[in-house]
Amino acid sequence: MAFAPGDAVSRTDQVRDEQWQLDELQAETAWRSSTGRGVTVAVVDSGVDGTHPDLVGQVLPGKDLVGPGGAPGPDPVGHGTTVAGLIAGRNDDKHGVVGLAPDARILPVRVLDEENRYDDALIVAQGVRWAVDNGARVINLSLGGSGDSPALAAALDYAFVRDVVVVACTGNLATSSSTKVWYPAREPGVIAVAGLERSSDNLWSGSITGQATVLTAPASGLVGAKPPGGYWRVQGTSFAAPLVAATAALVRSRYPQMPAGEVVNRLLATARDLGPTGRDDRFGYGVVDPVAALTAQVPPVTANPLDDQTSPGVTGFGPAPGSVDDDPVAGAGSDPLGLAASGQQSRWTARAAGGQDTSAPEQLATTVVLLVALVGGAALMVRRLRQRTH
């Protein structure tokens, strides 16, 4: 299935001028404190085209869990490349896309196929674990669906106890038959990011929100890097999440000894409140504020405030309490899953949102909708079709 991309944009000053999110989030001011240097952000997605002019030198050797051989291949969709550019696009000229954390490095982990979907959440779980084992300090998950996954939950716990910040999108109404915040965004400990319109104080009309919503960030009218060297206009919570991931990278660069749980707390405590006073189900704690996250005085915490789990090792997020040096710095393995494979056979189909569903219902026992992200205004709806076992 081919994507219908958003409008193409030429690599001129227009691209930089249309990056309204940089002004909205006061990027220039934030960069006086931190540019993300020294921090690796994993983009667990459709791959990343490291030859794009705005990403040359920004992308580390990664992992392809979908294509043959496992070596990182090109991004056949463009989704992961767009996400990576929003995080760490180069800031060395006046053209093209610049990321909110332009000196961070991108660790690409491909888990989505040519149709921007994944066949099994186990693949995403493997991607998360690989990212953790290969140096990621922040993980961005611009993907998700309606159903929970024990394997992915275990992988996220694996990340949490190894001091990694995890950010995910809340999901898009255009690709959903459910209004529930996507998984893994609703997993305790994950920063679930909803989207804002260009007016900033208004929720993007396509954004899913709910009790799991944690933060918001710009999601509409964005310009993103498109393989092999172009640009397109995009919208969706997939592109709000990387702005929060980039902010986490800025904080981790400025405070390199700060545990992940404190980084999460700092993002929540410094968010600009929107909607009803205090946290609410539409805006969460509010819109992410990079400048405040980098400069405000925030009381320390001993655990990730989003993690309400009681399982061993989860609430003790990151290094032991008392081991943190909050002084700012200028500029600055493999593990078995331990889960038995399901005996239930599964297959997947995808169709454009709003298109006719050609699945044969007599062949199916149940259907669970899995949702993946918008790319340039085009969306896929993916349905997990559980085959009869008799």
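Along the chain as shown, the residues are counted starting at 1.
Keep in mind that glycine also has a Cβ here, set from the backbone N, Cα and C atoms.
Predicted-model confidence for the domain 'Peptidase S8/S53' (36-286) is 94, expressed as mean pLDDT. Per TrEMBL, the feature domain 'Peptidase S8/S53' maps to 36-286.
DSSP assigns D45 (active site, charge relay system) to a strand segment in the three-state reduction. Sequence annotations record features per position, and here TrEMBL assigns active site, charge relay system to D45 (among others).
Residues or ranges marked as active site, charge relay system in TrEMBL: H79 (among others). In the three-state DSSP scheme, H79 (active site, charge relay system) is classed as helix. The Cβ neighbour count for H79 (active site, charge relay system), using a 10 Å radius and every protein chain shown, is 31.
As annotated by TrEMBL, active site, charge relay system applies to S238 (among others).
For 301-360, the entry in TrEMBL reads region 'Disordered'.
Positions annotated as transmembrane segment by TrEMBL: 364-382.
Here the CA atom of H79 (active site, charge relay system) lies 7 Å from the CA atom of D45 (active site, charge relay system). Neighbour counts were taken at the CB atom with a 10 A radius for the active-site residues D45, S238; the maximum falls on S238.
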